[in-house]
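Participant: Per TrEMBL, domain 'Major facilitator superfamily (MFS) profile' is recorded for 9-450. Per TrEMBL, transmembrane segment is recorded for 7-26, 50-72, 84-104, 110-130, 142-161, 173-194, 294-317, 324-347, 359-385, 422-445.
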Amino acid sequence: MNFQLTLTVFLTCFGSSFLFGYYIGILNNPGELVKEFLLENCNWKVNGDFLYALANAIFVVGAAIGAFMSGWIADIIGRRGGLLVNHLPAVIGAVLVGPCIYANSMSMFYIGRMISGLNCGVSSGLASMFLTEIAPRRFRGLIGACHQLAITLGIVASYIITMTWSLNRPKYWSIAYALGGIPAVVSLIILPFCPESPRFLFLRRNKEEAARKAFMKFNHTDDVEIFIDELREEQEISQQQRKFKFIDLFVQPDLRMPVILAVLIQIMQQLSGINAVMAYSSQMIKTAGIPFKFNEICVVIIGIVNVAATIVSLPLIERLGRRFMILWPTFGLAWTLLFLVIFVNIVENTAGIVRKSMGIVSVLFILLYIICFAMGLGPMAGLIVSEIFRTEHRGAAYSLSQCIQWLANLFVMLTFPSVNAVIGGFTFLSYLVVVIGIWLVFLIYMPETKNRTFDEVATELASGKAVIGKKSSVE
């Protein structure tokens, strides 16, 4: 990896992916302070929990809209250009929420929160797409997974900056939110000096010379002529077909299987219960007998475990292949969900030393669950979508899959409290059923994408044939 590639990957991850994670976690620790602020400035007859949930729901709705727009932005403005434009809502969201306490304005908070969600939704598609397209083939998995690593780092940073000894105070929590504008500003200043995606330049802009220059800046070792020939072949295939439209994702036969896989992996990522498990983690920490003053530290430790497991996954994605890394960590995740069903229900129906002991065991299984998620579904969802479509279809496919991801996130957010109130720990059983069902689809139909061109993968998937039992090349 040369300096230009490293700089571009860093700026993309810091200005977009890191900020995505930061805004996901920034309201967790100061939740009670946020509720107090909203109640003080609200004329509605509602409780603080509703207002806090509304803040998160608005964020997710904004993200779903942004995700749906991401493909259009990527194809019209460009991958890098889209990221630059997307930094503006990141800054606007920070500027609105930052002073909302001092302005006593609930409207500023909610509008800023939705605009931040819009930014994160666009980032969820554009950042991963850009990273995958600029990466040399031998580093494509590693660089593509850096998107998820930066998200986990952003979450941990948000936890640390909002601890009680830091900015988790009545007049300062909104300042912590506003600090999220800094990564966007840094990237907005420096990213314009980095090249655009060479694939976008050649296939969407027909700028062969610009694509050559961009490729050589990102890649000093591979033969540019081989790369250009690969793009020409992909271009010839697309020219033989009628002009692609978004609706073709649903009606074009050769796109049926990749679209199914792209949508299912996003649904599986969210309906694996990651948000529910994180919600239960605080309860299990209390049940395990850990003093309340250490709760924040425990949450940070959980976040660090998430980061560490994601780091471990980076070389494994290139060494073991994508198919292995989506199937077997997810298989382990399914087992941890099963054990969580058992131990959480024991905790809910016992008392004393048994309850405390099972609480400790549950915390350990939560950590194991997070490790499995961070090594599989976490980094692999975006990477898989980026590798199973040709460049012409990739933007639209990202729009659809990322929008589905955020809608699935909203579904879990809205249903978890009520379902959990009725069936308690058995909530995890419903997530387990979803994971097993979709895992079987991937076992049968997901091909290996490592060290293969996008065209090769798209051609194999177009047949719709099962790959289970078929030897895939991962050399």
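Indices start at 1 and increase along the chain as displayed.
Glycine residues also receive a Cβ, built from the backbone N, Cα and C atoms like all the rest.
Keep in mind the model is a prediction, meaning the values are calculated, not measured.
Show me how these features fit into the structure around them.
Facilitator: Tertiary neighbourhood of the transmembrane segment (7-26): same-chain residues 1, 59, 83, 86-87, 90, 93, 116-117, 119-120, 123-124, 126-127, 130-131, 134, 143, 146-159, 161-162, 176-177, 180, 183-184, 186-188, 190-191, 194-195, 218, 303, selected by CB-CB distance under 8 Å and a gap of 6+ residues from either end.
Within the same chain, residues 23, 27, 31, 34-35, 38-39, 42, 82, 86, 89, 109-110, 113-126, 129, 246, 394-400, 402-403, 405-407, 409-410, 413-414 sit at least 6 positions outside the transmembrane segment (50-72) and bring their C-beta atoms closer than 8 Å to a C-beta of that stretch.
Counting only same-chain residues 6+ beyond the ends of the transmembrane segment (142-161), those with a CB under 8 A from a CB of the stretch are 5, 9, 12-14, 16-26, 28-29, 127-128, 131-132, 134-135, 167, 176, 179, 296, 299-300, 303-304, 306-307, 310-311, 313-315, 317-318, 374, 378-380, 382-383, 386-387.
With a threshold of 8 Å between CB atoms, the same-chain residues lying at least 6 positions outside the transmembrane segment (173-194) that come near it are 4, 7-8, 11-12, 14-16, 18-19, 22-23, 26-27, 30, 33-34, 80, 83-84, 87-88, 90-91, 93-95, 97-101, 109, 112, 116, 119, 158, 161-162, 166-167.
Distant neighbours of the transmembrane segment (294-317): 25, 28-29, 141-142, 145-146, 148-149, 152-153, 155-156, 159-160, 163-164, 278, 281-282, 285-286, 325, 329, 366-367, 370-371, 373-376, 378-380, 383; these residues of the same chain sit at least 6 beyond its ends, with a Cβ under 8 Å from one of its Cβ atoms.
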Participant: Is it true that the transmembrane segment (324-347) and the transmembrane segment (359-385) have 3 or more Cβ pairs under 8 Å, skipping pairs fewer than 6 apart in sequence?
Facilitator: yes
Participant: Given the transmembrane segment (110-130), which of the listed stretches 84-104, 359-385, 422-445 has the most Cβ pairs that are under 8 Å apart from it?
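Facilitator: Per the Cβ under 8 Å count, 84-104.
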